[in-house]
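**Q** My structure is below; once you've seen it, I'll send some questions.
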């Protein structure tokens, strides 16, 4: 069905198409037509960060920034949904145009800039969501005008506001579209920031009587030495999990494309190799007690399998949905299922 809808959608500019897609999704969900338009996703129970997931394929942050489409998105078959990024105060983001579709390359360049209605609006929306078919992650960031020296105040404020409603919280330190944000991944800065957030997490756990996992979302553009340094900090601070990765400011395989010079983060198929290398290196340098989510460039089931092979416990997709539609979710689940079955069969044959 999506293959019939996509050509019409792609006649619109990318951001308008994004808005139309979400409105159409809501209409289909509330009218009861959504099951007729999507394939049933078979369960593949998975455990990570101490949470139970109906399947290991989730939606990455960025599609539903304000938590206004949670019910409809879960109905697409995702094992978990991550909403945001949200910030303490509302902000408009960067000037338009700020979202560019590279159709032939199955890629997107965005410089949205954390446009959102603020964490208080998101909290109200989450509280009003009726269906939770799997864990809900909430991705938090800092406001554009908050200096890095005060970034922990923004993150702690958001963490306190969302803690009671989130199944896990992602600390977004890696968007390339907020000036200076990625500097927070520098080893000493990262150690100080995560230390403060871990203290807040422990205080909130005691207050609410439950531990909400805290994940760190990393950039794909780090050098090997920077990845290793970050891994040391993440291990020392005993974070619950890591998401690898965010979008890239490099332009792999796109040098001749007319949009390659547009500022912003690149996602989609060209990011697959780079993000998977970072994932694999993090897996090598982190203990198995720290689960990883693989994201970046997943456009088919084989891509999801590659993330799992590189050490991911879960995967997320977003840009691939733009080009493949909701069927990508089930395709990824089945690819991961086949990989697990083949691995299990191989172990049995060697015993």
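For all residues, glycine too, the Cβ spot is worked out from N, Cα and C.
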**Q** For the FMN site that Swiss-Prot assigns to 61, 62, 63, 64, 65, 85, 139, 172, 217, 245, 297, 318, 319, which of the candidates 118, 195, 268, 273 is also assigned?
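**A** For the FMN site that includes 61, 62, 63, 64, 65, 85, 139, 172, 217, 245, 297, 318, 319, Swiss-Prot also lists 268.
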**Q** Other than its own, how many Cβ atoms are within 10 Å of the Cβ belonging to residue 113 (substrate binding site)?
**A** 19
**Q** Whole-number Å only: compute the distance from the Cα of residue 113 (substrate binding site) to the Cα of residue 65 (FMN binding site).
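**A** Distance between the two Cα atoms comes out at 11 Å.
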**Q** Among 63, 111, 217, 246, 268, these being the binding-site residues, pick the one whose CA is nearest to that of residue 175 (active site, nucleophile).
**A** 246
**Q** Quick one: which residues besides 65, 110, 111, 112, 113, 114, 172, 177, 246, 247 have a Cβ within 8 Å of the substrate site's Cβ centroid, in sequence order?
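**A** Same chain, not in 65, 110, 111, 112, 113, 114, 172, 177, 246, 247, Cβ within 8 Å: 62, 85, 93, 175, 176, 178, 264, 265.
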**Q** What count of other C-beta atoms do you get within 10 angstroms of the C-beta of residue 63 (FMN binding site), across all chains shown?
**A** 20
